[in-house]
Amino acid sequence: MFPDSSYLFSMRSLSRFLIAIFGCGALLASCDSFERSVLPFDKTDELVVITVNSPDTYYENAEGSYAGLDYDLATEFAKELGMKVRFKTVPRLDKAWSLLEKHKGHFAAGMNISAKHSRHVAFGPIYQLVQPQLAYNTDYNKPKNLHQLGGRTIRIAKGVTHAEQLNKAKHEVPELKWKEMDLTPDELLARLAEGKVDYVVADSTQINLAKNFYPNLNAAFNLGDSVGRAWAFSPFAEQALLEATQKFFTRIQQDGTLTRLLDRYYGHIERLHHTDVNGILAKRRTILPELREHFYEAEELSGIDWRLIAALAYQESHWDALATSPSNVRGIMMLTEITADRMKVTDRLDARQSILAGARYFALLKDKLPTRIKEPDRTWMALAAYNQGPSHLEDARILAQKMGLSPDAWVDLKKTLPLLSQSEHFRTLRHGFARGGQAVVLAESVRIYYEILQKYEPPYSWGFPIVARKEDDSWQEF
């Protein structure tokens, strides 16, 4: 869950941050001879950000662009300041702390607040709460507490704050053992899934992300209290930078930007059960090879990543070309008769016809959305429209506007789509009742299946859309 705004921006947090501002300013005044590694904030147009290269903060996505919560936050911050942004990526957190201490960047992003580091750095406002947890391999018995580890060694990534929680726990569990490793939490969790280490302590977000790729991973129990995540600044950070940071986080919390970004990266990660993950991983080896060429062709036809089309097909039918619902929705893409006719499908149970038609229809739904709706929200809304139709999606957008929410933000439509099944809402809308909750489930599930396929399946590396839409009647308005 996301942190409560009253916690994130409490007066206590603000007071601590303002103390840090004036403390750092005083320290800077007494350190004129300090040799800087980055230009002063007020003497440069480039913001230098230190961050770890990981799916939790900063990474290269399937399109070859950079993404991640802290990438988006830092980019938005630089844009607000009218500055360029440059990222210094490191493989592990200990390297990030080291670079920060040497003032190699203006701040380090995605850092967990800890008592140890608070003595040496200033932390900005908390923008996310994470829960340290003990992860275990579900092929073995689940420990209920630290006493049940049987003398086995816990692994943690070097530079993380979890050593502080473990040191506290050792007072009650003297036999507790752990080892810091020159690996990222993601790499440690992969080793845990492979049975190469006994236990791993990591943040809840990291474990939940990893569970979608390694279904034999799970959290056994929480370790201590939740921890705030924030940007960390060296003692030599300028007062103007610290004040600008406070102003920025206050703004994005108040206008909903922070909520939307947290939902973009974490709002869907706990949707699937481990059996769902096991299912797609197994069928990826047995069924997907027979369908892969059809999905490649669908990407050429629609311009949509074949792995997204395959994820949608898996959610709809588990890649069963003969799937049929009680309402006569049929085929691998579960097309209605009306949609099949519109897409000129002669046999809905023909896998190739169904996949190509489903991809074209999905692309058409995306094209019909207002151009102001940006990715990735545009894709998630198109998925919802694929499930319940564009008219009901538009009703949900209208309802969002009536409720003071954004009709262009997926995080807000996740709230209004389920309301389409409630009479107090749907009787006020043009298109009436809809099972909008189903659309949310479909879109959120496809998001995870897509991430799984992105991890294990390479992109289709050649070819461009080969069908001219104007020459194909099935691309016309509907």
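Think of each number as a place in line: the chain as shown, counted from 1.
Glycine is treated like the rest: Cβ placed from N, Cα and C.
Per Swiss-Prot, the feature signal peptide maps to 1-29.
For 30-269, the entry in Swiss-Prot reads region 'Non-LT domain', with the evidence type sequence analysis.
The region 'LT domain' annotation in Swiss-Prot covers 271-478 and is backed by sequence analysis.
Within 10 Å of the Cβ of GLU316 (active site) there are 23 other Cβ atoms, across all protein chains. Summarising the annotation, Swiss-Prot assigns active site to GLU316 and lists sequence analysis as the type of evidence.
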With H, G and I counted as helix, E and B as strand and the rest as coil, say where DSSP puts GLU316 (active site). helix
Could you tell me the mean pLDDT over the region 'LT domain' (271-478), as a whole number? 91
